[in-house]
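Now, the feature entries from Swiss-Prot:
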type	residues	note
ACT_SITE	Lys79	active site, proton acceptor
ACT_SITE	His98	active site, proton donor
BINDING	Arg132, Gly215, Arg216, Asp239, Thr243, Tyr263, Val290, Ile330, Asp331, His332, Leu333	NAD(+) binding site
DISULFID	Cys217-Cys261	disulfide bond
Amino acid sequence: MSKSPVILHLRAETKPLEARAALTPSTTKQLLDAGFEIYVEESSQSTFDIKEYEAVGAKIVPEGSWKTAPKERIIFGLKELPENETFPLIHEHIQFAHCYKDQAGWQDVLKRFPQGNGILYDLEFLENDQGRRVAAFGFYAGFAGAAIGVLDWSFKQLNGNTKGTKGEGEGGELPGVTPYPNENELIKDVKIELEKALTKNGGQYPKCLVIGALGRCGSGAIDLFKKIGIPDDNIAKWDMAETAKGGPFQEIVDSDIFINCIYLSKPIPPFINKEILNNENRKLTTIVDVSADTTNPHNPIPVYEIATVFNEPTVEVKLDKGPKLSVCSIDHLPSLLPREASEFFAKDLMPSLLELPNRDTSPVWVRAKQLFDKHVARLDKE
């Protein structure tokens with residue numbers, strides 16, 4: 001007797017300016033061809049047109065209809081569900097939930113699953129037999145983060161870098177950014193702003209420091225820097241060997257742009273703190289915390305407290321000395337290039353999705369379920 005087909009329900013993303021999709025039209029077709037049933041919600045913010053899904057044979061349903069969908073559907077999305085919703089979750093969910101690393105409010109996020117006998121397969125923790133993530137947005141997170149870093153540095157060169165309040169001319173923060181249709185358009189815009197800044201400052205390129213340079217995210221940041229023409233000598237590429245001695249690091253203070261791309265898996269000494277930054281001779285004016293462990297008690301960049309958003313991409317670090325310093329801590333940076341990031345991610349995820357009919361025995365899914373059970377058990381204790 002053959003198994004019933006896996007039924008996936010692609011929910012519409014609700015996070016503001018989240019234009020990515022967990023399934024693309026091309027990966028939807030692959031799954032349909034493999035015998036899956038797929039429902040796709042209409043979405044007001046997806047980079048993909050609903051007609052693209054319809055054309056490959058998906059069933060189109062209204063936005064938000066997953067809440068009343070039959071229990072046998074697996075609800076598939078990317079970002080977390082809205083915080084103001086608290087009803088129990090009855091389905092199996094595949095998504096990034098951000099509740100396994102003691103983030104603020106993790107219990108409230110996680111408890112909804114056992115309350116409804118639902119299951120969470122967290123995309124961040126789908127790992128192969130070697131312990132590596134099967135799919136990640138890291139490359140485009142680093143790429144987009146570096147782009148915003150250069151835009152912010154250029155903005156400061158052009159508009160002055162004195163401290164002030166938002167919107168008061170000099171001292172204002174970087175204006176909002178919106179998703180780009182493709183990588184080339186983003187590169188073009190960043191190059192234009194960089195060239196203006198170089199004209200103003202006598203052709204001095206920024207000194208950039210990337211921590212986590214050997215990973216997906218760091219390689220994305222370095223790729224952006226190279227594609228817009230920043231000389232290789234101006235890009236310091238740090239990884240675990242360089243940070244082994246423990247921070248804070250004066251080398252960050254002496255750079256113009258600092259990009260943090262590490263994956264935080266355990267407590268480490270901070271890379272920087274307000275004491276080392278509060279210096280008249282500081283060069284650093286732009287931090288991009290791609291890792292965005294904003295609410296993690298072990299955040300290695302403990303100089304800001306909010307996650308920024310695309311329409312207000314930076315927040316000022318309050319310091320008494322030195323030039324103005326801003327942090328970008330957007331936690332869904334790949335949305336700046338939603339189509340390419342979605343295709344890249346979905347392609348990597350495809351072999352694991354094709355294993356969903358065997359999720360009770362397939363190692364990737366079994367490990368994800370065991371991790372879910374482990375953290376649910378913590379709910380009772382904490």
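Just so you know, glycine gets a Cβ as well, placed from its N, Cα and C.
Features per Swiss-Prot, on structure.
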residue	record	Cβ neighbours (10 Å)
Lys79	active site, proton acceptor	19
His98	active site, proton donor	20
Arg132	NAD(+) binding site	8
Arg216	NAD(+) binding site	18
Cys217	disulfide bond	30
Thr243	NAD(+) binding site	17
Cys261	disulfide bond	28
Val290	NAD(+) binding site	30
Asp331	NAD(+) binding site	21
Leu333	NAD(+) binding site	29
Proximal residue to Arg132 (NAD(+) binding site) among recorded positions Lys79, His98, Cys217, Cys261 (C-alpha distance): Cys217
Cα-to-Cα gap, Cys217 (disulfide bond) vs Val290 (NAD(+) binding site), nearest whole Å: 8
Val290 (NAD(+) binding site) versus recorded positions Lys79, His98, Cys261 - nearest by Cα: Cys261
Cys261 (disulfide bond) and Arg216 (NAD(+) binding site), distance between Cα atoms, whole Å: 9
Rounded Cα separation (Å) that holds between the residue listed as 'active site, proton acceptor' and Asp331 (NAD(+) binding site): 10
Euclidean distance between Cα atoms of Cys261 (disulfide bond) and Thr243 (NAD(+) binding site), Å: 13
